[in-house]
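*Asks:* Below: one structure in structure tokens.
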Ligand SMILES: Cc1cc2nc3c(=O)[nH]c(=O)nc-3n(C[C@H](O)[C@H](O)[C@H](O)COP(=O)(O)OP(=O)(O)OC[C@H]3O[C@@H](n4cnc5c(N)ncnc54)[C@H](O)[C@@H]3O)c2cc1C
């Protein structure tokens, strides 16, 4: 590692040592001790969830005050102006510490929307929102999906039309919007030109979530909780300076977000996710469930670990490429696919080892808790681009296979 | 010594160029039906021009002192071209066994010839069960005075067993499994070729009838030596498999772009597209796993045994998937003798099973992880 990286790492450790405790060593796992939660999505009661959001904001504020709030961001917006490698190094070191979970701010807002605002927004919006986001004051959500536009995102039908004062008036319905209930702003894709081919008639806006006409309704997920929402936009007025990119040029803006989405999903290695793929945890579970000698389960465990460990190697390879200034090729997309598949298989492996203890709660530590992960896994094959869409991308962009023949979907959007 | 990225790229392209010239499909097909199953002239050129046999051997024994990372590049290319050569048996199995035994005299005696391409060699462990577990070995060695030994028993699945000049044999003594060196001209040794699923990798059955042998390393050290050899050999095999899998993917993608049905290239059909994407996922994982294992081997990292087991399992599966789907994407033509797809299919299956197969390598991984 180069000297400046070593200095940076030392600075990160000094900061973290001064503010938080280290996480207990995972290799020292004792079955039956500690937290056995396997929740991927939160399903906390509202007060506890508000408390969690407060802690996330608090930790983000402390990071920001110490120069780690936005490591890759430009200094004029409160960033540190360092490289993605510094950012990854920070994450790696921080994962050794017991810090508040900042997913509510980070995954969508800081990971995806922030970079999009930086790349495409007008100055007033950048000045107003970027420092606020990275200070932990503002949470952002992604208002892309609609009932009629999921994988086929360019089919968005939410309309934006010019009002008399030059502002824009938005009408439509968004769906599956994660963290909208906590958000101050949302990045919305809208249709501004129904005559144009579907990718060319879209415009992106940053919508203040407290604007009149914005209504967030929780959607209950199959996990029982409600992390995502429907968002109804009724005559919502947005000033023109809240437009990102050109009028009708919103698809370019969306691509920036989607690129960052793929990089973000699949890079979360901590928490229950790490436990689910930890050889120590899984072997301890086999002992606890008396399945240690089950040959069929052992073979499945080996298959599972082969993929989990090979995926780690793939990520390490991507990281090394990044470090030497080469942009990774297929690794990110492959990694995202494998992330969903590895966790899905881990959840099924564990619940099969548990047997009936996964169908009703006996109160034993580390047993029924796994159903929380099990129930989250279907989402991992859908969010951020379904498995099928990711495979299309790999086949067409990486392998250069021909595109599918064009469809007529664009014409279905009525004026 | 470790080459940097650009040196590795250069190594890869010179090996690829060499093999495109010396080991095109026609050459492979001719050799897989001849005896010996390699071209000694080409092997000599690989040694003289590219210094391949000695690439990863220590300089003190006449090698170039590179490691598994560089050897992995050569093996990827060799697997990709289905190169019929004594490379795997000599460099990966035998030379690594000599090094793992830590016997300086044996290394000094045999490695310079191997490095120079003069000596070919192999390692004979498995018997009729096919197991590479030294505990399963029943061939025996008894002292014959003056530090000499005599071997009795039978070995099967010996790669290049009818041609290798030097044969390293795991046999049992009163102290347990031990490693011995046998000269191919030794009296009492007979070698008959075995019919093989993969005709590009020759295998033989060897019979030892009081064959004179030299102990390599300590008596009874066979278990420890073989654990190390299997880690290195399966990393080498994994590289070969990753290269073969990459080639299958490339052939499929090329075909899917040009073959038309229903008025469109078949690659525009999602069923075919997703097959290719699935192959890509396997190939990317395989390359990452085998290259990472090679890197950890060279770093003498304590993570190497696990990484090697991961690479072995991951690349075995990846190659098999890629070889099967390659035939599927090609349709009927992929099922013909004339098309090379079956050569890769045969190599993939036979490599997957070479050291024992899925049940064995799964347990090896769990064992290395302490599970
Ligand atoms: C937990 C969760 C959180 C989410 N958070 C957000 C968020 O914050 N903001 C946001 O905007 N969206 C969010 N989404 C939405 C997510 O991006 C979409 O669900 C996803 O892109 C799929 O769209 P869809 O649900 O409309 O399914 P559809 O597009 O209708 O897909 C249904 C099925 O058809 C398949 N399919 C569709 N098109 C093709 C094709 N061309 N080829 C092959 N198969 C195809 C799909 O793969 C899938 O299997 C979230 C989703 C989940 C599950």
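Including glycine, each Cβ sits where the backbone N, Cα and C put it.
According to TrEMBL, the protein carries these features:
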type	residues	note
DOMAIN	A:49-137	domain 'Acyl-CoA dehydrogenase/oxidase N-terminal'
DOMAIN	A:141-236	domain 'Acyl-CoA oxidase/dehydrogenase middle'
DOMAIN	A:249-399	domain 'Acyl-CoA dehydrogenase/oxidase C-terminal'
*Asks:* Could you give the mean pLDDT over the domain 'Acyl-CoA dehydrogenase/oxidase N-terminal' (A:49-137), rounded to a whole number?
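*Replies:* Residues in the domain 'Acyl-CoA dehydrogenase/oxidase N-terminal' (A:49-137) carry a mean pLDDT of 93 in this prediction.
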*Asks:* Under the DSSP assignment, what numbers of helix, strand and coil residues are found in the domain 'Acyl-CoA oxidase/dehydrogenase middle' (A:141-236)?
*Replies:* 9 helix, 49 strand, 38 coil
*Asks:* For the domain 'Acyl-CoA dehydrogenase/oxidase N-terminal' (A:49-137), give the DSSP counts of helix residues, strand residues and coil residues.
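*Replies:* DSSP composition of the domain 'Acyl-CoA dehydrogenase/oxidase N-terminal' (A:49-137): 62 helix, 1 strand, 26 coil.
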